[in-house]
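Listed features, source TrEMBL:
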type: ACT_SITE; residues: ASP9; note: active site, nucleophile
type: ACT_SITE; residues: ASP11; note: active site, proton donor/acceptor
type: BINDING; residues: ASP9, ASP11, GLU169, ASP170; note: Mg(2+) binding site
type: BINDING; residues: 9-11, TRP25, 44-49, SER52, LYS76, 114-118, LYS145; note: substrate binding site
Amino acid sequence: MSINAVIFDLDGVIVSTDDCHYRAWKMMADEEGIEFNREINERLRGVSRMESLAIILVKSEKEYSSEEQVELATRKNNYYVDLIKELSPADILPGVMDILTELKARGIKIAIGSSSRNSPAILKNIGLGGYFDAEADGNHIQNSKPDPEVFLLAAERVGVSPVECLVVEDADAGVEAGLAGGMPVLGVGAASVNPTATLQADDLSKITVDQML
Ligand code: BG6
Ligand code: MG
């Protein structure tokens, strides 16, 4: 394969925000008396905010109106926004900076393709605001992963054809999205055991740029 751009998911690939998402959903769920645990949290990986809420509400005995659902998601997001204020460059995952630096040095475009609407704030807090050649995130798309929209938009924004883009993902929904967009996918973290991923690595310290390209 000839790769001219690498599109990185953000949460769980560049930075570990899993615990912040878990704690924010947990606070809201506890207030509402809804059962929520880390196992359910795993199912929210790569899934949009409102779709995540729908998964959580399967355990709820109460029926929530659309307005109430928006309030629950907003409440969770307010908790989450407070928690991510504490993120710093120390929260960047192993191997990430070495890979990004080398890709840049080799003239390979780098982009973000994230479902999160908080992506710009997170990138700023970890010191990577403005670092990528392009960003596509939850603020720019209609259809979230496993739909390929966010990755296709990132490819378009770096001006590289999808088949020449490698997607790096930690969520099964994201692996599916990349493949649906005609892109090879490197599965890391939770997706490192996804058999449909083109390449697999525990994290970005366990793979070289040569192996990725
Ligand atoms: C993804 C996370 O990156 O973003 C999901 O893996 C999250 O857990 C989704 O629900 C949406 O995030 P946000 O910040 O827009 O609520
Ligand atoms: Mg992710």
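Using N, Cα and C of the backbone, Cβ positions are placed for all residues, glycine too.
Bear in mind that the values here come from a model prediction, so they are computed numbers and not experimental data.
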Packing count at ARG117 (substrate binding site) (other Cβ atoms within 10 Å of its Cβ):
15
Taking DSSP three-state, what's GLY46 (substrate binding site) in: helix, strand or coil?
coil
Secondary structure at ASP9 (active site, nucleophile), reduced by DSSP to three states:
coil
Applying a 10 Å Cβ distance cut-off over all chains shown, what neighbour count does GLU169 (Mg(2+) binding site) have?
31
What other residues of the same chain, not counting ASP9, ASP11, GLU169, ASP170, have a CB atom within 8 A of the CB centroid of the Mg(2+) site?
PHE8, LEU10, GLY12, VAL13, ARG45, GLY46, SER114, VAL168, ALA171, GLY174, VAL188, GLY189, ALA191
Output, ordered by sequence, the same-chain residues six or more apart from ASP170 (Mg(2+) binding site) with a CB under 8 Å from its CB, or 'none'.
ASP9, ASP11, GLY12, VAL13, ARG45, GLY46, GLY187, VAL188, GLY189, ALA190, ALA191
What kind of secondary structure is GLU169 (Mg(2+) binding site) part of, going by DSSP in three states?
strand
Return one of helix, strand or coil for TRP25 (substrate binding site), based on DSSP.
helix
